Amino acid sequence: MLAIDIIVIILALTFGSFFNVVAIRLLKKESISYPPSHCPNCKHRLGALDLIPLFSYILLGGRCRYCRVKISYLYPVGEGLTAVTIFIVYKTIGLTPELLPAFILSITLVLAVLTDIREKLILDVITLPSIVLLLIIRMFIGGQPFLFYLLGGAVGFGLLLLIAIVSKGGMGGGDIKLYAAIGLALGPIQTIMSLVLASLFGAVIGIVFISTGLVKRKEPIAFGPFILIGTLVAYLYGNQIWEWYLGFIM
Ligand SMILES: [Zn+2]
C-alpha cells in the first residue's frame, strides 16, 4: 500500500467522524461547529485520542472512555461507511477533476444514508446545497456536455417523482431531491442504472430480512443504503456494466 493511500484512509476516517456528527446534529437541529464533539451521555469533550472514534470505539469495546456508557453502533458504522465510500471513490477515480463532483456526491449520499437510517429522513439541508453545487461543478467538469448532466438531474427527479405518485407516498420528497443530485453527477443513463440496482439490492435484502424475521413485513426499510450502493456501482462501474450487458444480449 502506498503512503498516499494511508493518508487518504486517515483523511477519510476523519471526514467520516466529522460527517457522522454533522448528520446527528442536523437531525437534532444543533449547530455543526458548536459544541465540540462530546459523549452523548456524560457530555465529556472528546480528546485527541477520540477524534477517530472508530478506533477508540473498537479499543474501548463500544463504551465512552470517561463514563463507560455504551455508545450506539451507529457512530462507528457511520464513520466506517463514510471512510470506505471516500476511499473506494478515490481509488477508482484517482486524482482527476472528476474527484470533485465524486466527493460532493459521496458526502451527500453518506449523509442521506445516516439520516435515513436514524430517522427515515433525507433532509433538504443536505440535498439542496448538493444540487446547487453539482449544477455549478458540472458546467466546468465532466466527460460529457453540461446538458447531459442537466438531463440526468431531470431524469432522476422525474423518475422518483413518478414513483412517488404511483406508489402514493412510498417514496418521500427527500428521495426525489436526492435523485436530482445523483442525476446531475451521473447523467441520465447511469442514473437509471443506479435506480435499477438500488431497487434490486433493496428487494434482495428486503426478502432476506423478512424471511429471516429481522424485520416485519409491513415495517418500512430505509431505502438510503441501497441508493448509496446502487449509485456508487452505477457511477464507478456503469460503463463496464453497460458493455457487459450489451455483449450479453447481442
Ligand atoms: Zn461519556
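Cβ atoms are placed via backbone N, Cα and C, with glycine included.
What TrEMBL says about a protein is an automatic prediction, not a curated fact.
In TrEMBL this protein carries:
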DOMAIN    10-90  domain 'Prepilin peptidase A24 N-terminal'
DOMAIN    103-207  domain 'Prepilin type IV endopeptidase peptidase'
TRANSMEM  6-27  transmembrane segment
TRANSMEM  73-93  transmembrane segment
TRANSMEM  99-114  transmembrane segment
TRANSMEM  121-141  transmembrane segment
TRANSMEM  147-166  transmembrane segment
TRANSMEM  178-209  transmembrane segment
TRANSMEM  221-238  transmembrane segment
Please determine whether the transmembrane segment (99-114) and the transmembrane segment (147-166) are in contact (criterion: at least three Cβ-Cβ distances under 8 Å, sequence separation 6 or more).
no
Could you tell me what the rest of the chain brings near the transmembrane segment (178-209), counting residues at least six beyond its ends with Cβ under 8 Å?
101-102, 104-105, 108-109, 112, 122, 127, 130-131, 134-135, 138, 144, 148-157, 159-160, 215, 221, 223, 226-227, 229-231, 233-235, 238, 241-242
The transmembrane segment (73-93) in contact with the transmembrane segment (121-141), cutoff 8 A, at least 3 CB pairs, sep 6+:
no
Spatial neighbours of the transmembrane segment (221-238) far in sequence, C-beta under 8 Å, 6+ residues away:
81, 85, 88-89, 92-93, 102, 105-106, 109-110, 112-113, 115-117, 120, 122, 171, 175, 178-179, 182, 185-186, 189-191, 193-202, 205-206, 209, 215
Reported in the order helix, strand, coil, what are the DSSP residue counts of the domain 'Prepilin type IV endopeptidase peptidase' (103-207)?
89 helix, 0 strand, 16 coil
Excluding the flanking five residues on each side, which residues at least 6 beyond the ends of the transmembrane segment (121-141) place their CB within less than 8 Å of a CB in that stretch?
26-27, 97-98, 100-101, 104-105, 107-108, 111-112, 115, 149-150, 153, 172, 174-175, 177-178, 180-181, 184-185, 224
